[in-house]
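Each remark here refers to the structure printed beneath this line.
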């Protein structure tokens, strides 16, 4: 059955306040948690702001592409609801790709085709008005991918758009790699999960939205399941990269979307994820308002990102023993 596109009327870019500083926006990777990008985009719209440039990684690249194509945050929200509530066949396929048992983990890691085509997934979830080529975007955009063999970041800012986005979100085990001009490309989160550094010098202010999250222990859970371990390890890796980046340079506004309790494939929980991101949206609006009302450009009064992502500390054996004795 062919997909019926959601009617989306053209959205005029909101008028930017006169004399307002230009803003570069970075949308990070995080699987289903990336749905939290939508309320942040709505915050920009409600304040009448439009980024000068956007960078996106993985699921962040998906929403960055839609927003840079001229869709509003509200239009993206409506389309997400339409797709994730009615295209359950594809979402269930994606959800079923989780590794549930040790045997399933072994099967997933043996040489065989990956579960889902990222191009097929994109065709199902992207609004029909999303541009086919970078040249047709209303906002300049940079998409992050990872070269599997060269072990380096490959940044796209021109050429076919959907192919670049598909490569950026090609999470290993779930999606098969994407080949572009002879390069085998996979999830951009492996090299740059929060790409604010790519646009930091191209606008007056930089805003970064982090949806990477962290593993959360559920009540009564002894150890994580096999598939949880596999995907949570990916996010531990991403958080480590982000932590180190923030130690050397941080954006003017760092937004933690607050969606850590959701799993990477929780796309069917779209309502809950969007609701969970509402507090971050309100904080973002307040912070952006302070930025714009400032008489001179200066770093915002934002939470120190390094404190948000504390560095791991070495634990000596005596501390471990004392911790065990305390439990008794």
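For all residues, glycine too, the Cβ spot is worked out from N, Cα and C.
In TrEMBL, the motif 'GXGXXG' annotation falls on 29-34 of the listed ranges 29-34, 35-40, 41-46.
The feature motif 'GXSXG', as given by TrEMBL for the ranges 56-60, 61-65, 66-70, sits at 56-60. Proximity of residue 58 (active site, nucleophile) to non-local residues of its own chain (separation of 6 or more, Cβ distance below 8 Å) is seen for 28, 29, 30, 31, 34, 144, 168, 169, 171, 187, 188, 189, 193, given in sequence order. For residue 187 (active site, proton acceptor), the number of other Cβ atoms no farther than 10 Å from its own Cβ, over all displayed protein chains, is 29.
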